[in-house]
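Annotation comment: Swiss-Prot describes Gly30, Glu31, Asn32, Ala33, Gln34, Gly35, Lys36, Thr37 as ATP binding site.
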Amino acid sequence: MYLQELQLQQFRNYPTAKLTFGQGINVLLGENAQGKTNLLEAIYVLALTRSHRTANDHDLVNWQAKTAKVSGRVVKAAGAVPLELTFSRQGKRARVNHLEQARLSQYVGQLNVILFAPEDLAIVKGAPTVRRRFMDMEFGQMNPRYLYNLSQYRTLLKQRNRYLKDLQHKQNKDLLFLSVLSDQLAAFGAEIIAQRLAMLQKLEHWAQAIHGEISQQREELTFHYATQVADDQLTDVPTITAALSALYAKQQDKELYQGTTLVGPHRDDLHFQVNGKNVQTFGSQGQQRTTALSVKLAEIDLMKEETGEYPVLLLDDVLSELDDARQTHLLTAIQDKVQTFITTTSLSGITRQLIKDPTIFHVAEGTVVADAVDSDDPAASKED
């Protein structure tokens, strides 16, 4: 899978842009605040219908416009697929092969991307919400059923929390409807937990091999999914469902007092351990970075295993955060395998021997010009 072309209309600081990319490494070169990250964001949005930088879609629209459009052409083993997203005050519309999609969940998965930015180091050392979002975004791309379960769960969670708030102000509390919501939430929550466990087991397999190579077999990386459901109950969906229902009943008085749901996958966490110790708490900065790099590279192999296609890799100013050894491992791992987009202010910090025939894009004040350095790729012709 690779992104052949990208078109922008009134997206961020780009009134208009049309770019054709190489199948290998594409370097977005320019000073800070010129629009390099905006281009990566556009690719990310084209894949997932949402930004990794803002929760407000209005931020994506050029301040002089009312509507923004991101479109592209994705080439897969089965052929080329045109994609299009339109953002306006009325919401967003998604098209695949020029056909509007009734639900965004039907759209996600047409273009798979993996983003690695400096803030992704927070996967290891950040708050639990960062790791939950990581699981939801990545597993949702690979598995439409996961995305569906997550959507249903979030809808029910909002409804249940709203009802818990309402019950705080009532003398006679109708707990029957709360019980119905709890049962429904437990069912979808169990599906999510079971799917997370299955995907994490596969991701751990790939990450362990990569982490072992980087650490020269001195360290072993393991994952631990932290949930209030007891380990011996994490066997199958019905057992997890029953366990969640029991936890809701146990926590009912506390939830009524606080007016929020205290149990479920929205409260779970993922712990990374090196040689049996939690990297977040006891790991050095080097171990934390090696863990983050191992996990991101493992995503590439897992996505290929799950979807049959390699994803597009987005490296947003992350090479400057890696030492020479980790940078070498990263660039060697993706060479000739994954279409990659790299943002940087200078090529001097990149080991050029590890970048084969890159397509270079010069970015300045929302204008992009492409040329080639030692490349015969037709995508390297100059283009505004």
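Any Cβ shown, glycine's included, is placed from N, Cα and C.
The shown structure was predicted, so the numbers you read here are calculated from the model rather than taken from an experiment.
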Subject >> Lowest local Cβ density (other Cβ within 10 Å) among binding-site residues: Gly30, Gly35 >> reply: Gly30
**OP:** Report, as a single number, how many Cβ atoms besides its own are within 10 Å of the Cβ of Asn32 (ATP binding site).
**Re:** 9
Original post:
Apart from Gly30, Glu31, Asn32, Ala33, Gln34, Gly35, Lys36, Thr37, which residues in this chain have a Cβ no more than 8 Å from the mean position of the Cβ atoms of those residues at the ATP site?
Top reply: Thr343, Thr345, Val363, Ala364
**OP:** Measuring CB to CB from Ala33 (ATP binding site), give everything in the same chain under 8 Å that is also at least six residues away in sequence.
**Re:** none
Subject >> Protein Cβ atoms within 10 Å of Lys36 (ATP binding site), excluding its own >> reply: 25
Original post:
Cβ-Cβ under 8 Å from Thr37 (ATP binding site), same chain, 6 or more residues apart: which ones?
Top reply: Arg53, Asp316, Asp317, Thr343
Subject >> Site of maximum Cβ density within 10 Å, from binding-site residues Glu31, Gln34 >> reply: Gln34
